[in-house]
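Listed in TrEMBL for this protein:
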DOMAIN    22-92  domain 'NXPE C-terminal'
DOMAIN    253-734  domain 'Cas1p 10 TM acyl transferase'
TRANSMEM  269-291  transmembrane segment
TRANSMEM  325-343  transmembrane segment
TRANSMEM  355-375  transmembrane segment
TRANSMEM  396-417  transmembrane segment
TRANSMEM  452-468  transmembrane segment
TRANSMEM  474-494  transmembrane segment
TRANSMEM  506-526  transmembrane segment
TRANSMEM  561-579  transmembrane segment
TRANSMEM  600-617  transmembrane segment
TRANSMEM  659-679  transmembrane segment
TRANSMEM  685-709  transmembrane segment
TRANSMEM  730-750  transmembrane segment
Amino acid sequence: FQGGDTCEYLLSSGRFLGEKVWQPHSCMMHKYKTSEAKNCLTDKHIVFLGDSRIRQLFYSFIKLLNPQVKEEGNKHGNIPFEDKSASIKVDFLWYPEVNGSMRQRIKSWTESSVGRPHIIVAGAATWSIKIHNGSNEALTQYKINITSIAPLLEKLAKSSDVYWVLQDPVYEDMLSDSRKMITNEKIDAYNEAAVRILNSSSRNSKARVKVFSVSKLIAQETIMKSADGLHLPESSRDTNAMILMNVYCNKIMKPIDGSCCQPQPPLTLIQKLAFCFFTLAMIGYFLISLIHRTNYRKNKPCTDLESGEEKKPATSTPHASTLELLLHSFCKLGLIMTYFYLCDRANLFMKENKFYTHSSFFIPIVYLLVLGVFYTENTKETKVLNREQTDEWKGWMQLVILIYHISGASTFLPVYMHIRVLVAAYLFQTGYGHFSYFWLKGDFGVYRVCQVLFRLNFLVVVLCIVMDRPYQFYYFVPLVTVWFMIIYVTLAVWPQIVQKKANGNCLWHFGLLLKLVGLLTCIYFLSYSQGAFEKIFSFWPLSKCFELNGNVYEWWFRWKLDRYVVFHGMLFAFIYLALQKHQMISEGKGDPLFSNRLSNVLLFLSVVSFLIYSVWASSCKNKTECNELHPSVSVVQILAFILIRNIPGYIRSVYSSFFAWFGKISLELFICQYHIWLAADTKGILVLIPGYPMFNVLVSTFIFVCVAHEISQITNDLAQIVVPKDNSTLLKRLLCIAGFFSGLLLFSAVQDQSRH
């Protein structure tokens, strides 16, 4: 840890990921769009002061504001640019040498605030080397001139942002005869003089003039592609312009994926209260543990000297053990949440941008597949989608999704479309699992609903408080929560139709199908009526849960993307359980699900549909068009997988315990990755060990998986305490939870008001 000034890293160090993606040391760089750049620089005046290299940087910079700009005009003269719509003025002033003329221009800005730029980017040296044929006298004069300019720049930097651009190296073999005297040795001497003088210009404090030395590193990698050996290729200039934009704009725009130059966000009122709560829980647990240990020592079994019998201490009361378990759980959770905060809110650990390569995605998947096969065991039961099999399914899907996220594979459309099927498969399991439970058990009690809602939402609610993020930010949990409530309401409203009732009269099956048709109609209507959907979820307090960036569009988009798959899961469960009831399928160990002929036909069709989908996904050209088709076609891929996995009896009777273990904590893995495996709210990668990417991934993954497993245990322990089976106690707990959320809404309103 070398301090929180990531601007210094951004301006001075970094490396290339691939050929064109620049990665600053320790922080993430945001790629600014034209609209964002204009919003940041509204009413600003920027000046580029220097030679032809600075002119190139000027053009790359204004192309961020207007990509249509062409590099034309007097090359050895001043070039103005103005964007009247945003009141932005950017000027290039031709000062190829550090001399009296440049000093006079800078001095005029220090003497009067009228016309003083907000941002000044200056730099020059190669002309001095060229004109004076690389003489030592020219270097001496350069030192004298920059020494006279340095105090003026320092004074100017009190009110403006001032950047001095160091000279890039040249590709000597490609230089023309008139530029042969410009050598890298000379450039290094000029750069060394500039850095030494500028850094010593502020005697009592850190220099305010920022030295832009990162351009030199970029040039070392790319100058070979230069057209003349002197000027940088366009991609390198664009990178330098983007770095400048990040240095100035990140603290204003605060982009999630732009951690460079962003100050640590201040603690909110709710975060402070959460910190106090966890601290009190730790103190409480420590005191209770101390009391129990003291009592244990006092009541330690001892031998009665008269009778020779051992006396046993009295057992602790159940209330004390419940309180201890509660405080112990919150104590562990407090420590874990501290780690979450340090990883993704404090400027303690480094963050880096993702960079996708095919090998970074596919090699780990092959490795995990081999591991999964090695941990093959026999299942306890051989039913279709038995517990071990669904845990295995969740596990390998979650691991693939994690690799997809850390490798940045969303930029590769075929992979993106296949991952969308995996997300849909999770929701398919939601429909299948909850429908099966209600249909078979007929348990529509409050206890069941509260247990499911608590297990789904506990971690996310805590993260919303600690990490200061809206509920909708963790989009998958709101998605499965809302779909669970839709399934519950569909089956619980009159008439309640369950398997036991339907067995007595076949008409009840028809009634249930009518309910499912009604559900499908509602889904279809809401998916094509954005206005109606937004009105439903814009009512307070629902809007507090489902709004993101001030509107519910993101929620509508996420819901619409997999709108039919939960219904498909419910329908599949209904058909499967009906076939099972009428003994139309064979689920014995080693037996095929259907007759040999039918099983072979279904297997063939499943494999073909798998391949057809993969070909279609690989030929996708437009993400929007493919997303439109996805809700209708994803179920084919899911059903094909279920049939391939379950029709052959020998495959159905085994499972991978490796994948199943991860499947049991899949929800925690999905949520925890946001902050302690990835970084900047999934936009980047957390770096605990800089300089060793593979070792860093191993260490951060180990911690991440352990934390997810521990949170799963904590959630299960707290669910037993917070959601008891006794109805009267449960009602009291629900009133307490309602009070907690009311207080949370109140504090949130106060917090929002103070922000505005």
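Glycine is treated like the rest: Cβ placed from N, Cα and C.
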Quiz prompt | Tally of DSSP helical, extended and coil residues in the domain 'NXPE C-terminal' (22-92) | solution = 22 helix, 19 strand, 30 coil
Practice problem: Please check if the transmembrane segment (396-417) comes into contact with the transmembrane segment (325-343), where contact means 3 or more CB pairs closer than 8 Å and the residues in each pair are separated by 6 or more positions. | Solution: no
Practice problem: Name the range, of those listed as 269-291, 325-343, 452-468, 730-750, that has the largest tally of Cβ pairs under 8 Å with the transmembrane segment (685-709). | Solution: 325-343
Exercise. Mark yes when the transmembrane segment (269-291) and the transmembrane segment (325-343) have three or more Cβ pairs under 8 Å (sequence separation 6 or more) and no when they do not.
Key: yes
Quiz prompt | Sequence-remote partners of the transmembrane segment (659-679) [C-beta within less than 8 Å, at least six residues beyond its ends] | solution = 28, 259, 339-340, 343-344, 349, 351-352, 372, 375, 388, 390-399, 401-402, 405-406, 456, 459-460, 463, 467, 474, 476-477, 685-687, 700-701, 703-705, 707-709, 711-712, 715
Quiz item: Are there three or more C-beta pairs under 8 angstroms joining the transmembrane segment (474-494) and the transmembrane segment (269-291), sequence spacing 6 or more?
Solution: no
Exercise. Calculate the per-residue pLDDT averaged over the domain 'NXPE C-terminal' (22-92) and state the result as an integer.
Key: 93
